[in-house]
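Asks: Mind looking over this structure? Questions follow.
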Ligand code: HSE
(Lines of atoms letter the chains of each structure in order from A; the text may use other names.)
(Lines give C-alpha, C1' and ligand atoms only; values in the text may rest on other atoms or scores of the structure.)
Protein backbone atom coordinates (compact mmCIF):
# COMPACT_ATOMS: atom_id res chain seq x y z
CA UNK A 1 0.00 0.00 0.00
CA UNK A 2 1.31 3.48 -0.76
CA UNK A 3 2.63 5.39 2.24
CA UNK A 4 0.30 7.75 4.05
CA UNK A 5 1.32 11.34 3.28
CA UNK A 6 1.95 13.80 6.02
CA UNK A 7 2.32 17.57 5.89
CA UNK A 8 4.31 19.25 8.66
CA UNK A 9 3.57 22.79 9.80
CA UNK A 10 6.60 24.21 11.64
CA UNK A 11 9.97 22.44 11.58
CA UNK A 12 11.78 23.66 14.70
CA UNK A 13 13.13 21.41 17.43
CA UNK A 14 10.23 18.92 17.58
CA UNK A 15 9.57 19.03 13.82
CA UNK A 16 13.18 18.16 13.02
CA UNK A 17 13.10 15.34 15.56
CA UNK A 18 9.91 14.00 14.01
CA UNK A 19 11.39 14.08 10.51
CA UNK A 20 14.62 12.40 11.60
CA UNK A 21 13.06 9.64 13.75
CA UNK A 22 10.51 8.84 11.02
CA UNK A 23 13.39 8.41 8.57
CA UNK A 24 15.63 6.47 10.92
CA UNK A 25 12.95 4.03 12.09
CA UNK A 26 10.83 3.97 8.95
CA UNK A 27 10.92 0.21 8.43
CA UNK A 28 9.90 -0.57 12.00
CA UNK A 29 7.21 2.11 11.93
CA UNK A 30 5.84 0.72 8.67
CA UNK A 31 5.63 -2.76 10.20
CA UNK A 32 3.66 -1.34 13.11
CA UNK A 33 1.36 0.98 11.16
CA UNK A 34 0.65 -1.43 8.31
CA UNK A 35 1.88 1.07 5.72
CA UNK A 36 4.66 3.60 5.38
CA UNK A 37 4.37 7.09 6.87
CA UNK A 38 6.09 9.85 4.91
CA UNK A 39 6.43 13.56 5.48
CA UNK A 40 6.13 14.78 1.92
CA UNK A 41 5.50 18.48 2.52
CA UNK A 42 6.79 20.96 5.08
CA UNK A 43 5.74 24.56 5.72
CA UNK A 44 7.93 26.90 7.70
CA UNK A 45 8.47 30.66 7.59
CA UNK A 46 12.18 29.88 7.43
CA UNK A 47 12.22 27.93 4.18
CA UNK A 48 16.02 27.66 4.07
CA UNK A 49 16.17 26.15 7.57
CA UNK A 50 13.41 23.70 6.65
CA UNK A 51 15.22 22.70 3.48
CA UNK A 52 18.42 22.13 5.44
CA UNK A 53 16.59 19.67 7.72
CA UNK A 54 14.65 17.68 5.11
CA UNK A 55 17.06 17.79 2.15
CA UNK A 56 15.73 17.26 -1.38
CA UNK A 57 12.69 15.14 -2.21
CA UNK A 58 10.30 16.90 0.20
CA UNK A 59 8.28 19.92 -0.89
CA UNK A 60 9.11 22.93 1.29
CA UNK A 61 6.84 25.98 1.29
CA UNK A 62 6.57 29.17 3.29
CA UNK A 63 2.77 29.14 3.43
CA UNK A 64 1.10 26.52 5.65
CA UNK A 65 -2.16 26.84 3.70
CA UNK A 66 -0.49 25.24 0.67
CA UNK A 67 -0.04 22.08 2.75
CA UNK A 68 -3.67 22.09 3.88
CA UNK A 69 -4.84 22.63 0.31
CA UNK A 70 -2.81 19.70 -1.05
CA UNK A 71 -5.30 16.84 -1.71
CA UNK A 72 -2.53 14.21 -1.37
CA UNK A 73 -1.87 15.09 2.27
CA UNK A 74 -3.83 12.85 4.68
CA UNK A 75 -2.42 14.05 8.02
CA UNK A 76 -1.30 17.52 9.08
CA UNK A 77 1.12 17.86 11.98
CA UNK A 78 0.81 21.24 13.70
CA UNK A 79 3.98 22.23 15.56
CA UNK A 80 3.64 26.00 15.38
CA UNK A 81 2.29 26.45 18.91
CA UNK A 82 0.17 29.17 20.49
CA UNK A 83 -3.48 30.08 20.08
CA UNK A 84 -3.25 32.40 17.05
CA UNK A 85 -2.42 31.18 13.56
CA UNK A 86 -2.12 27.60 14.88
CA UNK A 87 -5.83 27.59 15.74
CA UNK A 88 -6.86 28.91 12.33
CA UNK A 89 -4.71 26.31 10.58
CA UNK A 90 -5.96 23.40 12.70
CA UNK A 91 -9.57 24.39 12.03
CA UNK A 92 -8.86 24.74 8.31
CA UNK A 93 -7.12 21.35 8.19
CA UNK A 94 -10.14 19.76 9.90
CA UNK A 95 -12.56 21.38 7.43
CA UNK A 96 -10.38 20.13 4.60
CA UNK A 97 -10.88 16.59 5.98
CA UNK A 98 -7.30 16.11 7.20
CA UNK A 99 -6.44 14.32 10.43
CA UNK A 100 -4.41 16.53 12.74
CA UNK A 101 -1.54 15.63 15.07
CA UNK A 102 -0.52 18.43 17.41
CA UNK A 103 1.76 19.08 20.38
CA UNK A 104 -0.10 22.31 21.14
CA UNK A 105 -1.28 22.08 24.77
CA UNK A 106 -2.21 25.76 24.96
CA UNK A 107 -4.50 25.46 21.96
CA UNK A 108 -6.28 22.33 23.21
CA UNK A 109 -6.59 23.46 26.83
CA UNK A 110 -8.27 26.68 25.75
CA UNK A 111 -10.08 25.79 22.50
CA UNK A 112 -10.27 21.98 22.75
CA UNK A 113 -14.07 21.83 22.96
CA UNK A 114 -14.50 23.69 19.68
CA UNK A 115 -11.68 21.78 17.97
CA UNK A 116 -12.85 18.30 19.01
CA UNK A 117 -16.45 19.10 18.05
CA UNK A 118 -15.35 20.25 14.60
CA UNK A 119 -13.17 17.13 14.19
CA UNK A 120 -16.00 14.78 15.23
CA UNK A 121 -18.43 16.49 12.86
CA UNK A 122 -15.95 16.12 9.99
CA UNK A 123 -15.03 12.52 10.94
CA UNK A 124 -11.33 13.24 11.45
CA UNK A 125 -8.95 12.59 14.34
CA UNK A 126 -7.14 15.25 16.35
CA UNK A 127 -4.32 13.43 18.17
CA UNK A 128 -2.27 15.11 20.88
CA UNK A 129 -0.04 12.69 22.79
CA UNK A 130 2.85 15.15 22.52
CA UNK A 131 0.84 17.92 24.20
CA UNK A 132 1.23 16.48 27.72
CA UNK A 133 4.54 15.42 29.25
CA UNK A 134 6.39 15.17 25.91
CA UNK A 135 7.61 11.63 25.36
CA UNK A 136 5.64 10.02 28.20
CA UNK A 137 2.60 8.23 26.71
CA UNK A 138 0.28 9.56 29.39
CA UNK A 139 -2.64 10.35 27.07
CA UNK A 140 -2.64 6.77 25.80
CA UNK A 141 -2.40 5.44 29.35
CA UNK A 142 -5.26 7.59 30.65
CA UNK A 143 -7.50 7.21 27.65
CA UNK A 144 -7.03 3.53 26.92
CA UNK A 145 -4.79 1.71 29.40
CA UNK A 146 -6.81 2.82 32.43
CA UNK A 147 -10.27 2.81 30.89
CA UNK A 148 -11.58 0.25 33.43
CA UNK A 149 -11.00 2.68 36.28
CA UNK A 150 -12.86 5.29 38.20
CA UNK A 151 -9.91 7.68 38.22
CA UNK A 152 -9.60 9.41 41.57
CA UNK A 153 -6.66 11.74 41.20
CA UNK A 154 -3.68 12.70 39.10
CA UNK A 155 -0.64 14.60 40.28
CA UNK A 156 2.21 15.40 37.94
CA UNK A 157 5.47 17.18 37.50
CA UNK A 158 4.61 18.29 34.01
CA UNK A 159 6.94 21.19 33.42
CA UNK A 160 10.62 20.41 33.06
CA UNK A 161 11.84 24.00 33.24
CA UNK A 162 10.40 24.60 36.68
CA UNK A 163 11.45 21.18 37.95
CA UNK A 164 15.00 21.94 36.84
CA UNK A 165 14.89 25.29 38.65
CA UNK A 166 13.48 23.75 41.85
CA UNK A 167 16.06 20.95 41.80
CA UNK A 168 18.86 23.49 41.45
CA UNK A 169 17.44 25.70 44.20
CA UNK A 170 17.40 22.72 46.55
CA UNK A 171 20.79 21.31 45.57
CA UNK A 172 22.65 24.62 45.69
CA UNK A 173 20.59 26.54 48.23
CA UNK A 174 20.11 29.36 45.70
CA UNK A 175 17.13 31.67 45.25
CA UNK A 176 14.75 31.55 42.31
CA UNK A 177 16.07 34.56 40.36
CA UNK A 178 19.66 33.31 40.42
CA UNK A 179 18.74 29.83 39.21
CA UNK A 180 16.40 31.17 36.52
CA UNK A 181 19.24 33.22 35.00
CA UNK A 182 21.48 30.14 35.02
CA UNK A 183 18.72 28.01 33.46
CA UNK A 184 18.35 30.59 30.69
CA UNK A 185 22.10 30.66 30.11
CA UNK A 186 22.14 26.86 29.78
CA UNK A 187 19.12 26.87 27.45
CA UNK A 188 16.82 25.04 29.91
CA UNK A 189 14.53 28.04 30.20
CA UNK A 190 13.18 30.12 27.32
CA UNK A 191 14.23 33.76 26.91
CA UNK A 192 10.61 34.52 27.89
CA UNK A 193 9.94 31.84 30.51
CA UNK A 194 6.61 33.30 31.70
CA UNK A 195 4.37 30.35 30.75
CA UNK A 196 6.71 27.91 32.47
CA UNK A 197 7.54 29.74 35.69
CA UNK A 198 4.03 31.10 36.23
CA UNK A 199 2.58 27.58 35.99
CA UNK A 200 0.55 28.25 32.82
CA UNK A 201 2.19 25.50 30.74
CA UNK A 202 1.61 22.97 33.53
CA UNK A 203 -2.00 24.14 33.85
CA UNK A 204 -2.60 23.60 30.13
CA UNK A 205 -1.39 20.02 30.53
CA UNK A 206 -3.31 19.41 33.76
CA UNK A 207 -6.48 20.73 32.08
CA UNK A 208 -6.14 18.22 29.26
CA UNK A 209 -5.50 15.32 31.66
CA UNK A 210 -8.45 16.37 33.80
CA UNK A 211 -10.81 16.25 30.84
CA UNK A 212 -9.64 12.78 29.82
CA UNK A 213 -9.59 11.38 33.35
CA UNK A 214 -13.05 12.56 34.39
CA UNK A 215 -14.89 12.93 31.09
CA UNK A 216 -15.43 16.68 31.45
CA UNK A 217 -14.90 19.40 28.83
CA UNK A 218 -11.49 21.11 28.74
CA UNK A 219 -11.80 24.17 30.98
CA UNK A 220 -8.48 25.94 31.35
CA UNK A 221 -10.20 29.14 32.50
CA UNK A 222 -11.35 27.33 35.65
CA UNK A 223 -7.88 26.07 36.62
CA UNK A 224 -6.12 27.62 39.61
CA UNK A 225 -2.63 28.59 38.48
CA UNK A 226 0.28 29.60 40.70
CA UNK A 227 3.92 29.38 39.61
CA UNK A 228 7.23 29.18 41.43
CA UNK A 229 8.40 32.81 41.23
CA UNK A 230 7.74 33.55 44.91
CA UNK A 231 9.44 30.45 46.31
CA UNK A 232 12.50 31.05 48.40
CA UNK A 233 15.47 28.85 49.22
CA UNK A 234 14.50 29.28 52.91
CA UNK A 235 11.22 27.38 52.46
CA UNK A 236 12.86 24.67 50.41
CA UNK A 237 15.33 24.20 53.29
CA UNK A 238 12.67 24.14 56.01
CA UNK A 239 10.57 21.72 53.96
CA UNK A 240 13.57 19.43 53.70
CA UNK A 241 14.11 19.55 57.48
CA UNK A 242 10.51 18.41 57.87
CA UNK A 243 10.94 15.51 55.41
CA UNK A 244 9.44 17.15 52.29
CA UNK A 245 10.51 18.46 48.90
CA UNK A 246 8.79 21.28 47.05
CA UNK A 247 7.59 20.50 43.53
CA UNK A 248 5.38 22.37 41.09
CA UNK A 249 2.48 19.94 40.77
CA UNK A 250 -0.39 19.82 38.32
CA UNK A 251 -3.21 18.24 40.29
CA UNK A 252 -6.67 17.15 39.29
CA UNK A 253 -8.84 15.27 41.71
CA UNK A 254 -12.37 13.97 42.04
CA UNK A 255 -13.91 15.57 45.14
CA UNK A 256 -17.42 15.03 46.56
CA UNK A 257 -18.80 18.20 44.94
CA UNK A 258 -16.78 18.45 41.76
CA UNK A 259 -13.33 18.35 40.23
CA UNK A 260 -10.22 20.03 41.60
CA UNK A 261 -7.93 21.43 38.91
CA UNK A 262 -4.90 23.29 40.17
CA UNK A 263 -1.22 24.00 39.62
CA UNK A 264 0.92 25.33 42.45
CA UNK A 265 4.10 24.57 44.38
CA UNK A 266 3.46 21.70 46.79
CA UNK A 267 5.32 20.00 49.59
CA UNK A 268 5.58 16.30 48.77
CA UNK A 269 6.94 13.74 51.27
CA UNK A 270 10.60 13.15 50.33
CA UNK A 271 10.05 9.38 50.33
CA UNK A 272 7.49 9.50 47.48
CA UNK A 273 8.86 8.60 44.04
CA UNK A 274 7.45 11.86 42.68
CA UNK A 275 9.56 13.87 45.13
CA UNK A 276 12.67 12.26 43.63
CA UNK A 277 12.00 13.31 40.05
CA UNK A 278 14.83 15.74 39.48
CA UNK A 279 16.13 18.11 36.84
CA UNK A 280 14.07 18.60 33.69
CA UNK A 281 12.35 15.19 33.96
CA UNK A 282 8.56 14.83 34.10
CA UNK A 283 6.43 12.29 35.98
CA UNK A 284 2.73 11.74 36.41
CA UNK A 285 1.03 9.70 39.13
CA UNK A 286 -2.47 8.45 38.37
CA UNK A 287 -4.64 6.81 41.00
CA UNK A 288 -7.51 4.63 39.79
CA UNK A 289 -9.88 2.63 41.98
CA UNK A 290 -9.03 -0.70 40.35
CA UNK A 291 -5.38 -0.31 39.46
CA UNK A 292 -4.30 1.70 42.51
CA UNK A 293 -1.41 4.10 42.06
CA UNK A 294 0.55 4.12 38.79
CA UNK A 295 3.55 6.23 37.83
CA UNK A 296 4.75 7.42 34.43
CA UNK A 297 8.21 8.96 34.15
CA UNK A 298 10.31 10.34 31.32
CA UNK A 299 11.41 13.31 29.31
CA UNK A 300 8.74 15.95 29.02
CA UNK A 301 10.39 17.95 26.28
CA UNK A 302 13.16 17.85 23.70
CA UNK A 303 13.41 17.03 20.05
CA UNK A 304 13.27 13.24 19.86
CA UNK A 305 11.34 12.52 23.08
CA UNK A 306 8.52 14.76 21.84
CA UNK A 307 8.88 13.34 18.33
CA UNK A 308 8.33 9.90 19.86
CA UNK A 309 4.85 11.02 20.93
CA UNK A 310 4.08 12.77 17.64
CA UNK A 311 5.00 9.64 15.68
CA UNK A 312 2.98 7.37 17.98
CA UNK A 313 0.00 9.53 17.01
CA UNK A 314 0.90 9.24 13.33
CA UNK A 315 0.93 5.46 13.69
CA UNK A 316 -2.45 5.50 15.47
CA UNK A 317 -4.01 7.73 12.86
CA UNK A 318 -2.58 5.60 10.05
CA UNK A 319 -4.10 2.45 11.57
CA UNK A 320 -7.48 4.08 12.16
CA UNK A 321 -7.57 6.21 9.03
CA UNK A 322 -10.03 3.93 7.26
CA UNK A 323 -12.01 2.91 10.38
CA UNK A 324 -15.58 4.08 10.88
CA UNK A 325 -15.23 7.34 12.89
CA UNK A 326 -17.70 6.00 15.48
CA UNK A 327 -15.39 3.12 16.26
CA UNK A 328 -12.33 5.24 16.96
CA UNK A 329 -11.13 6.12 20.46
CA UNK A 330 -13.00 9.31 21.45
CA UNK A 331 -10.81 12.43 21.66
CA UNK A 332 -11.44 12.86 25.38
CA UNK A 333 -11.69 9.15 26.23
CA UNK A 334 -15.45 9.34 26.92
CA UNK A 335 -18.06 9.37 24.13
CA UNK A 336 -18.84 13.02 23.29
CA UNK A 337 -22.50 12.59 24.31
CA UNK A 338 -21.44 11.04 27.64
CA UNK A 339 -19.36 13.94 28.97
CA UNK A 340 -20.16 14.92 32.53
CA UNK A 341 -21.13 18.36 33.78
CA UNK A 342 -19.34 17.92 37.11
CA UNK A 343 -18.15 21.44 37.97
CA UNK A 344 -14.51 22.43 38.36
CA UNK A 345 -14.40 23.66 41.95
CA UNK A 346 -13.25 27.16 42.87
CA UNK A 347 -10.00 27.15 44.85
CA UNK A 348 -11.82 28.14 48.04
CA UNK A 349 -13.55 24.71 47.97
CA UNK A 350 -10.36 22.71 47.57
CA UNK A 351 -9.36 20.61 50.56
CA UNK A 352 -5.65 20.15 51.21
CA UNK A 353 -3.03 20.57 53.92
CA UNK A 354 -0.56 23.42 54.34
CA UNK A 355 2.95 24.57 55.21
CA UNK A 356 2.91 27.99 56.85
CA UNK A 357 5.97 30.09 57.68
CA UNK A 358 5.46 33.02 60.01
CA UNK A 359 8.16 35.49 60.99
CA UNK A 360 7.20 36.18 64.59
CA UNK A 361 8.48 38.20 67.53
CA UNK A 362 10.41 35.90 69.82
CA UNK A 363 8.36 36.51 72.97
CA UNK A 364 6.12 34.69 75.41
CA UNK A 365 2.68 33.58 74.22
CA UNK A 366 3.23 33.98 70.46
CA UNK A 367 2.99 30.28 69.66
CA UNK A 368 -0.15 29.96 71.81
CA UNK A 369 -1.80 32.87 69.97
CA UNK A 370 -1.04 31.39 66.57
CA UNK A 371 -2.17 27.87 67.43
CA UNK A 372 -5.24 29.37 69.13
CA UNK A 373 -6.39 30.98 65.86
CA UNK A 374 -5.89 27.67 64.05
CA UNK A 375 -7.80 25.74 66.71
CA UNK A 376 -10.71 28.20 66.75
CA UNK A 377 -11.10 27.61 63.01
CA UNK A 378 -10.99 23.84 63.36
CA UNK A 379 -7.56 23.43 61.76
CA UNK A 380 -5.52 20.61 63.22
CA UNK A 381 -1.71 20.91 63.39
CA UNK A 382 0.44 18.10 62.04
CA UNK A 383 3.92 19.43 62.97
CA UNK A 384 5.61 22.58 64.26
CA UNK A 385 9.19 23.69 63.76
CA UNK A 386 10.70 26.69 65.47
CA UNK A 387 14.32 27.68 65.15
CA UNK A 388 16.21 29.65 67.78
CA UNK A 389 16.12 33.34 66.94
CA UNK A 390 19.93 33.54 66.82
CA UNK A 391 20.05 30.77 64.25
CA UNK A 392 17.59 32.58 61.97
CA UNK A 393 18.50 36.24 62.42
CA UNK A 394 22.01 36.14 63.92
CA UNK A 395 23.12 36.87 67.45
CA UNK A 396 20.72 39.03 69.45
CA UNK A 397 17.86 38.61 66.95
CA UNK A 398 14.41 39.27 68.41
CA UNK A 399 12.34 37.47 65.77
CA UNK A 400 12.28 33.96 64.44
CA UNK A 401 10.60 31.66 61.93
CA UNK A 402 7.70 29.54 63.07
CA UNK A 403 6.81 26.76 60.65
CA UNK A 404 3.54 24.91 60.95
CA UNK A 405 2.29 21.93 58.96
CA UNK A 406 -1.47 21.49 59.11
CA UNK A 407 -3.83 18.63 58.44
CA UNK A 408 -6.44 18.94 55.70
CA UNK A 409 -8.72 21.94 55.68
CA UNK A 410 -10.72 23.94 53.14
CA UNK A 411 -8.71 26.60 51.29
CA UNK A 412 -11.47 29.12 52.06
CA UNK A 413 -10.98 28.48 55.79
CA UNK A 414 -7.22 28.80 55.43
CA UNK A 415 -7.61 32.16 53.63
CA UNK A 416 -9.64 33.47 56.57
CA UNK A 417 -7.15 32.12 59.11
CA UNK A 418 -4.21 33.66 57.28
CA UNK A 419 -5.92 37.07 57.35
CA UNK A 420 -6.44 36.70 61.11
CA UNK A 421 -2.85 35.59 61.74
CA UNK A 422 -1.43 38.33 59.56
CA UNK A 423 -3.26 40.91 61.67
CA UNK A 424 -1.53 39.77 64.89
CA UNK A 425 1.02 42.41 65.97
CA UNK A 426 3.55 39.68 66.71
CA UNK A 427 3.48 38.42 63.10
CA UNK A 428 6.13 40.59 61.51
CA UNK A 429 6.22 39.74 57.77
CA UNK A 430 3.84 38.41 55.12
CA UNK A 431 3.04 34.77 55.95
CA UNK A 432 4.29 32.18 53.46
CA UNK A 433 1.66 29.54 52.60
CA UNK A 434 2.56 26.50 50.50
CA UNK A 435 0.13 23.65 49.95
CA UNK A 436 1.12 20.14 50.93
CA UNK A 437 0.10 16.91 49.19
CA UNK A 438 0.67 13.59 50.92
CA UNK A 439 -0.19 11.65 47.69
CA UNK A 440 -1.31 8.60 49.60
N1 LIG B 1 8.31 24.21 28.35
C2 LIG B 1 7.89 22.90 28.70
C3 LIG B 1 8.69 22.40 29.90
C4 LIG B 1 8.05 21.89 27.60
O5 LIG B 1 9.57 23.09 30.40
O6 LIG B 1 8.42 21.30 30.33
C7 LIG B 1 6.96 21.96 26.59
O8 LIG B 1 5.72 21.83 27.17
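Placement of Cβ uses the backbone N, Cα and C atoms for every residue, glycine included.
A TrEMBL annotation is a machine prediction, not a hand-curated record.
The feature active site, proton donor is assigned by TrEMBL to 205. Residues annotated as NADP(+) binding site in TrEMBL: 9, 10, 11, 12, 13, 14, 15, 16. Here TrEMBL flags 105 as NADPH binding site. Residues or ranges marked as L-homoserine binding site in TrEMBL: 190. As annotated by TrEMBL, domain 'ACT' applies to 355-435.
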Asks: Over the domain 'ACT' (355-435), work out the mean pLDDT and round it to an integer.
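Replies: That region's mean pLDDT is 94.
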Asks: What are the DSSP helix/strand/coil residue counts across the domain 'ACT' (355-435)?
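Replies: Its residues divide into 28 helix, 28 strand, 25 coil.
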Asks: Only counting partners 6 or more residues apart, tell me which same-chain residues put their Cβ under 8 Å from the Cβ of residue 205 (active site, proton donor).
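Replies: Residue 205 (active site, proton donor) has long-range Cβ partners 105, 109, 131, 132, 133, 156, 158, 159, 250.
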Asks: Mind checking which of 13, 16 has the fewest other CB atoms within 10 A of its CB? They're the binding-site residues.
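Replies: 13, out of the binding-site residues 13, 16, has the fewest neighbouring Cβ atoms within 10 Å.
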Asks: Please report how many Å separate the Cα atom of residue 14 (NADP(+) binding site) from that of the residue listed as 'L-homoserine binding site', as a whole number.
Replies: 15
Asks: Please report how many Å separate the Cα atom of residue 12 (NADP(+) binding site) from that of residue 190 (L-homoserine binding site), as a whole number.
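Replies: Here the two Cα atoms are 14 Å apart.
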Asks: Within 8 Å of the centroid of the Cβ atoms of 9, 10, 11, 12, 13, 14, 15, 16, which other residues of that chain place their own Cβ, given that this set defines the recorded NADP(+) site?
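Replies: Neighbours found: 8, 17, 18, 44, 79.
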Asks: Looking only at C-alpha atoms, tell me how far residue 13 (NADP(+) binding site) is from residue 190 (L-homoserine binding site), rounded to the nearest Å.
Replies: 13
Asks: Tell me the Cβ neighbour count for residue 11 (NADP(+) binding site), meaning other Cβ atoms within 10 Å of its Cβ, over all protein chains shown.
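Replies: Within a 10 Å radius of the Cβ of residue 11 (NADP(+) binding site) lie 27 other Cβ atoms.
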Asks: So for residue 9 (NADP(+) binding site), how many other CB atoms are inside 10 Å of its CB?
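Replies: Summing over all protein chains shown, residue 9 (NADP(+) binding site) has 25 other Cβ atoms within 10 Å.
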Asks: Given a separation of at least six residues and a C-beta threshold under 8 Å, show me what packs close to residue 190 (L-homoserine binding site) in the same chain.
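Replies: Residue 190 (L-homoserine binding site) has long-range Cβ partners 161, 184, 196.
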